[in-house]
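What TrEMBL says about this protein:
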| type | residues | note |
| --- | --- | --- |
| TRANSMEM | 94-121 | transmembrane segment |
| TRANSMEM | 128-147 | transmembrane segment |
| TRANSMEM | 183-209 | transmembrane segment |
| TRANSMEM | 216-241 | transmembrane segment |
| TRANSMEM | 261-282 | transmembrane segment |
| TRANSMEM | 346-370 | transmembrane segment |
| TRANSMEM | 382-405 | transmembrane segment |
| TRANSMEM | 417-439 | transmembrane segment |
| TRANSMEM | 445-469 | transmembrane segment |
| TRANSMEM | 476-501 | transmembrane segment |
| DOMAIN | 626-715 | domain 'STAS' |
Amino acid sequence: MMDECFHENDYHVSRRIYSNRVFDQVHERQAQEIQSLRERLGRACGCTDKWAVQKIKGLLPILDWLPKYPVKQWLPGDVVSGVTTGLVCCLQGVAYALLASVAPVYGLYSAFFPILTYFVLGTSRHISVGPFPVTCLMVGSVVLTLAPDEHFLRPVNITGVNETVTDERLMEVDGEAREAQRILVACTMTVLVGLFQVAMGLMQVGFLVRYLSDPLVGGFTTAAAFHVFISQIKTIVSVPIHNHNGFFSFAYTLIDVSRNINQTNIADLIAGLLTIFIVMAVKEINTKFQHKIPVPIPIEVIVTVIASAVSHVMDLNSQYGASIVHSLPRGFAPPQIPNIALIGKILGSSFSTAVVGYAVAVSVAKVYAAKHDYTVDGNQELIAFGVSNIFGGCFSSFVASTALSRTAVQESTGGKSQVAGIISALMVMIVILALGPFLQPLQKSVLAGIVIANLKGMFMQISEVPVLWRQNKIDCLIWIATCLASIVLGLDVGLLAGLVFEMGTVVVRTQFPSCATLGNVPNTDIYKNMKDYKNVRCVGFDAVRVFKKRNKALKKIHKLIKKGKLQATEVRLASLGVENQAFEKEQVPELDEGASQPDSEVKVQVDWTSELPVSVSVPTVHIHSLVVDFSAVSFLDVVAAKSLKLVVKEFIRIGVSVYIAGCDGKALSFFDEEVTRDILFLSVHDAILFIQLETSTGNDEDPLAEKFHESIDPLQRPTRLHYCCCV
């Protein structure tokens, strides 16, 4: 008959109680195919036409998607998106070159060459490949360390009426030699970054980016935005400062700026502040009215064109001493070979830059892939960015990744594929070949303003900290620790410190797992945390302490029997249970020959729940069975399995049966005559029903169960069973 509380949307399941052993007997396991090493190698190295085509398409994704490209549906949107994104690429490339501490023209190269190879090798349809502020700053940090101004000082030549005199007391920076060395350092680092990425892609280790969690990446990029902002202040105010890197570099930069603040160039300051205000304001308009405006307003392009025209007409460089781009030559630089001698000095920085560049790019790519319902191959992305950086590094480019704002422009303007990317590269090529000189009068403070305005998205990540604190305090601490470490120690060391801190939290949480006492919801197979529900008790005792106290009481009982003060009749002496090798063995003292000894056939029973005839306080054991829920346990190592076996035996020897639910037993290799596979059950409910069945029918092997079952309904005895969930 249906229960009165049974509703029409409820369901009823009727099946037998399954232990793991019984389940395997009823449901035969599928035979596992065991292959020899030769067979595995044969399958891995075997080559069929279909396999070869799949591998080639996997390595060259363009062969898969380009033949299927829907020209009529996608090409118009890709053209509009490509033109718009191309204009943004030009300006961001020139601006981000300042972060990499190289001449602006190399920013244009960096916005062009990587796109060509990614078009062939990439799997994301929407990301815009090119310079990214964080990686540019990491490159710039290495460039300034290996090629500071002090390495290129030379005596000043003073030209007189009849001769040119060299004054050793006056020194100037050899600009040409400095720029040549700096771009060599940047290109060498870019090639090394690409080699790291290709190697990781070929080794199929794209999964390693999982260790860079969202809180860690968020804290790191926010710190990077802070460093970018500090580095551009000197350009906005146009004051001379020393180059600082490493620990507390931001503080030294701010000190230098404050010392030379009286040398601020007003023309550059006004242009920079106006650029920041206008660009940020128009970007807000683009965001607010994105559904009403067919194409976002390319405000960076508009500001740059107007600023270049104003600077040229008013001759700001000559009249007001404004710092301008100066040289932006037409055409491409010849390819150059990286300087192998530098590799040892930039190895660590190159690896961290490779990881950061890939992590940011693949994160953005997966966001848009999920939005447009396609997949991104993480390992292929490593290869694509690696080849792009190697190719670009040989043609005077610095590290490529993807900029969030530029990718958003490409997607929001109708971009459907990397055809938009290749069109944007054509726009950059036009600027390189023909329009570059028109940007020569542009003030550098305008470029710095564009960089700062595009940092808003990264700075807004700070607003996520309170939300993160409410959701997960450990993740919030990872965010804060990584951010502070990256600000104080620098980006390279800060990223490493954040990663170590994150791994430390994993170790701590592994060593101190969360365990909950579960209680059964009446008339269901549902078990909930006892903290959330009433009338559920925890174990409340230490099995080892109970055993030792019982052992001590038994010794005293032996002495009383020995002295004849206590009679032993018709029952057996309570057993000490199995021996626990994790603790010191405690022997029951032997009786003297002349003493009154209990007959080995005459037995003594000790009722541990009643008052004992000796003065020993033995903790009360109020349960007869313990069920441990292992459904949330992913694995057990040898030490954990050994410890679990000891715990099981500790409870068994004080008369408490232990059962394990949700574990298939493959990781538990400790079974013997006392701890058998019969303790394993498919679910907590199976174990509970089995215990209730055992206690209700009576079990001669369990005296505690025998003593307490009587006529009590097992469903009404929540204190007699204990359920523990390990997370």
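Just so you know, glycine gets a Cβ as well, placed from its N, Cα and C.
Across 183-209, 216-241, 261-282, 445-469, 476-501, stretch 183-209 shows the highest tally of CB pairs under 8 A with the transmembrane segment (382-405).
Most Cβ pairs under 8 Å with the transmembrane segment (261-282) belong to 445-469, among the candidate stretches 94-121, 128-147, 183-209, 346-370, 445-469. The transmembrane segment (94-121) makes contact with the transmembrane segment (216-241), as judged by at least three Cβ pairs under 8 Å among residues 6 or more apart in sequence. At the 8 Å Cβ threshold, with sequence separation of at least 6, the transmembrane segment (476-501) lacks contact with the transmembrane segment (183-209), having fewer than 3 such pairs. Within the chain, the transmembrane segment (128-147) has long-range Cβ neighbours (under 8 A, six or more residues past its boundaries) at 85, 89, 92-93, 96-97, 99-102, 107, 110-111, 114-115, 118, 122, 178, 181-182, 185-186, 189-190, 220-221, 224-225, 227-228, 231, 243, 245, 342, 345-346, 349, 352-353, 356-357, 360-361, 385, 388, 398-403, 406-407, 409-410, 421, 424, 451, 454-455, 458, 490-492.
Long-range contacts of the transmembrane segment (346-370) within its own chain (CB-CB distance under 8 A, at least 6 residues past either end) are made by residues 123-127, 129, 132, 134-135, 138-139, 141-142, 146, 185, 188-189, 192-194, 196-197, 200, 206, 208-209, 212, 217, 220-221, 376, 378, 381-382, 385-386, 389, 399-402, 404, 407, 411, 491-492, 495-496.
Tertiary neighbourhood of the transmembrane segment (183-209): same-chain residues 100-103, 106, 139, 142-143, 146-147, 336, 338-340, 342-343, 346-347, 349-351, 353-355, 357-359, 362, 378-383, 385-394, 396-400, selected by CB-CB distance under 8 Å and a gap of 6+ residues from either end. Confidence across the domain 'STAS' (626-715), taken as the mean pLDDT and rounded to a whole number, stands at 71.
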